[in-house]
Amino acid sequence: MQRDKQRRGVLDLLRVRDLGIVYALILLVVVLTIVSAATGRPNYLGGDNVANILDQASLVGILAVFMTVVLVSGNFDLSVGSIGALAAAISLSVIDERGVVVAVLLAIGAAAAAGLVNGLIVQVLGINAFIVTLGTMTALRGVVLILTDGRTITAESSDARTALQSIESGFWTVNVPVILGVLALLAAGAAFAAGHRGRRLAVLGGGGAILAIAGFAGDMGFRYAKPVWYMAAITLMTWAVLRFTVVGRRLYATGANMEAARLSGINVARYKVVPFVLTGAAAGVVGVLYGAKLGATNPTALNGLELTVIAAAILGGTSLFGGSGSVITSVVGALFLFTIANGFNVLNLGANYQDLIEGVVLIVAAGVYTVASRRKARAGSAPEPPEDGASTPAGPAATSTATPPARAEALHG
Amino acid sequence: MPSGEHSPLLLSMRGVRKVYPSGTVALSGVDLRVGAGEVVGLVGANGAGKSTLIKVLSGAVPATDGAIEWEGASQAWAVPADAQAAGVATVYQHIPLAHTLTVIENVFLGRTGWRRSSVKLERELAQLLERIGYAIDPHATVEELSIGQRQMVAILQGIAQGARLLVLDEPTASLARGEREVVFEAVRRLSKSGTAVLYVTHFLDEILDLTDRVTVLRDGRVVADDVTDDLTEDALVRSIVGRELLRVEQQEIDLPPADAPLLLEVEDLRSGDRLQGVSLRLRAGEIVGIAGLLGSGRSELLHAIFGADPDARGTVRMEGRELSRSPRAAVAAGLALVPEDRGKQALFPDFEIWRNASITDLPTLSRGRALPDSERERERARDAIRALKIKAPGPDALVGELSGGNAQKVVFAKWMYSGARVFLLDEPGSGIDIGAKADIVELVRELARSGAAVLVADSEFSELLAVSHRVLVLRRGRVVAERASGATSDHELVGLASGLEKEMQHAA
């Protein structure tokens, strides 16, 4: 409250630490739109192109959500690409004999089990997550090689292939304004019933009603590929759990200070292990979707995916040291990466430059976040910081700027 | 000892002001003088501006206003290296040494140049050690050293750079008694050899013993600047606090009735060789002290009772019901732990006060026990700020920005509002200023009056006696004696805890 009244820099005012990637995406889209128009290309923001970007980003987006959960809990997961490949291989190798339902469940179950193994090794044996998941990443890729015998595998039975592909391909049209409007109305109604009153409530309810009616009357349906809707649903659900529930709060607390969380009566083992299981399961879903798209998979499927996913989370402002981050901005980070790729494509710029640009963007983003949180820490710092080690490396900036030596080695060494 | 008036002036700060970008005024016109070879004590409550003053002096933060003169010439140190080059070496409380390097490598870390002659450096180190009267293996790596030894390496590092003024920030805060003596000896010897020392500490006995002159800060101003010989501890306390301190000495503490219900029963608690069968009982309204020296197992005992020690064996019963061994079960049963290191073990420095205060009791503050209601959480934090006199702008202040005493009150708030009935306090007064200490003592008494039971471990036995009804003396993981607070003394407890007074144990 009081902090709002204090003088703030531009970076703070725009909440760059929280929303930087959103501004960056808007800026990127504006630039690409103007350049497309100026060079006489079709409208960049045309429905097809947007649908395209969303479709391409969906798998990375889904994983970025759970990577964020793992990062918030104070861990790290490099094995998502290999787990995904494993799930794809499993689903395609059993689908002919056992049908699509068993294949999908088996694949996702195996993926979740792989996540559980990650989590248990990290938590019970206390080995650094970076090292553990580097190991499982390599080992599981080896399992994929064994399963596929180094060859591409496909679903032979055409029935099975069709059933599998129906999970992934095809479009759903969803009237997003109506859904959002109805959700806003419900939220406003619930708050009203709980005794809340006031202008913000009226705005929420009124806005919701207008949105719902306009969406209905204008038939504002959005037609996107199924994975896009999977991503949207998963993101919203996870966001709501993290933002609004006791579970979410405890997850952030565990990531922010595990010992304090443990001594506050939180079951930290659960909050450390479950994120790995969820991430494993999500990687399983992604692997199944990947296999379904092509009806086939090969030993190098989803290779290197983990780095794109982590890049998306970092672009979204998630701290590598736990306790902070948002799944929504991580998904926006994924969209940003795929918008760059798409921009290169649409504008016919040499694809050779793409990796260079993405790498630079990642570092610039990390730099902006670091500067923003350092400023926040400085602006808020008390005249005399705690003198007794209450917050050893001074204040909030420490999480993202002053890299704890052990972690730094693990991450960069 | 050289005294301020006679030795030539080394450092003179005049009218130094520091206003942080947030608008907080940390220093409003501070004068500080240090003569060559003089030992000057700098004291003040948390938040008085000591840290900021040191930072300005060492070039870590620029002053907003004011003049700094070094050996008569005006200075504007932009970076710590400037101040170091001039001869100011600052040893901070959290010692920034390279842990994987050896003592000698650390001491001469600042040395530039391509080639290092190890023979020459060893000779130089030997001279330095001679100068401060200390001995240490030059080739031990820092990570093998105790905190006290690290402190000495940091001091050596400072004087190896040719410091004329050594700034020591709370050098003895985390040291055992013997290790403190070593630091004192070094300070005395340095002063004799002409190096001035600015000594910052909470321990007033050290100030009275060690310094030639004392500067007292309060709310960013100098409120006293006196020759130490003219001072008494009482006078010092008065100028630090600015009011007559609430007497926390022995006062008539109303004992709980003998038939007060038994809350906590501990039977034969063991953990490795750190705890060797401890049993104790706490009644509602009782405050029981644990007197033990470093390594006696006092923290281990509290952690074991709280279920935080997976190796512990034994029985802990809360109101007759046996607890399973986990902090979660302990919290659910109404136990609370205020650990020794709040920053690492109790608080989330990046979280606001309200998110810290509610974490132990989240379901109660949630809709349907699942969706936290941040308005109710903030309301609780506001209550806590008011009731515990926490100095903070509001419930949204980050806990990492609070001073030690206020952060400690947030730890208490975590438990007080969540229905805890047995409080386990581990060094509740460590690293907090006198004013906040008095508040905490009052708080502990209030808890007992309201029917809670308190078990408190403290290495300052006089403080322990001031607050508790009876004291258990812990030595090498065993309770070796029990005394009613009125029937014992600081000295007897030290004797019992250190094993010097065995016969008295039998006599009792």
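Here the Cβ of each residue, glycine as well, is placed from N, Cα and C on the backbone.
As given in TrEMBL:
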type	residues	note
COMPBIAS	A:389-406	compositional bias 'Low complexity'
REGION	A:378-413	region 'Disordered'
TRANSMEM	A:21-38	transmembrane segment
TRANSMEM	A:50-71	transmembrane segment
TRANSMEM	A:78-95	transmembrane segment
TRANSMEM	A:101-122	transmembrane segment
TRANSMEM	A:129-148	transmembrane segment
TRANSMEM	A:171-194	transmembrane segment
TRANSMEM	A:201-222	transmembrane segment
TRANSMEM	A:228-252	transmembrane segment
TRANSMEM	A:273-292	transmembrane segment
TRANSMEM	A:304-321	transmembrane segment
TRANSMEM	A:328-347	transmembrane segment
TRANSMEM	A:353-372	transmembrane segment
Chain residues outside the transmembrane segment (A:21-38) and at least six past its termini with a C-beta under 8 angstroms from it: 14, 44-45, 315-317, 329, 332-333, 335-336, 339-340, 343, 346-347, 365
Chain residues in Cβ proximity to the transmembrane segment (A:273-292) (below 8 Å; excluding those fewer than six residues from its ends, i.e. six or more beyond): 59, 62-63, 65-67, 69-70, 72-73, 75, 77, 79-81, 83-89, 91-92, 104, 107-116, 118-120, 122-123, 164-165, 167-169, 227, 230, 234, 251, 301-302, 305
Seg_contact(the transmembrane segment (A:304-321), the transmembrane segment (A:50-71)) with at least 3 CB pairs under 8 angstroms, min sep 6: yes
Residue numbers, six or more beyond the limits of the transmembrane segment (A:228-252), whose CB comes under 8 Å of its CB atoms: 51, 54-55, 57-58, 61-62, 65-66, 69, 72-73, 172, 174, 261, 266, 271, 275, 282, 285, 289, 323-324, 326-328, 331
Tertiary contacts of the transmembrane segment (A:101-122), as residues 6+ beyond its ends and Cβ separation under 8 Å: 75, 77, 79, 83-84, 86-88, 90-92, 94-95, 128-129, 132-133, 136, 140, 160, 164, 167, 272-281, 283-285, 287-288
Same-chain residue ranges lying at least 6 outside the transmembrane segment (A:201-222) that approach it to Cβ under 8 Å: 173-185, 187-189, 191-192
Cβ-Cβ under 8 Å with the transmembrane segment (A:50-71): same-chain residues at least 6 beyond its ends: 77, 80, 84, 129, 223-225, 227-228, 230-231, 234-235, 238, 242, 251, 255, 275-276, 278-279, 282-283, 285-286, 289-290, 305, 308-310, 312-313, 316, 318-320, 322, 325-327, 330-331, 333-335, 337-339, 341-342
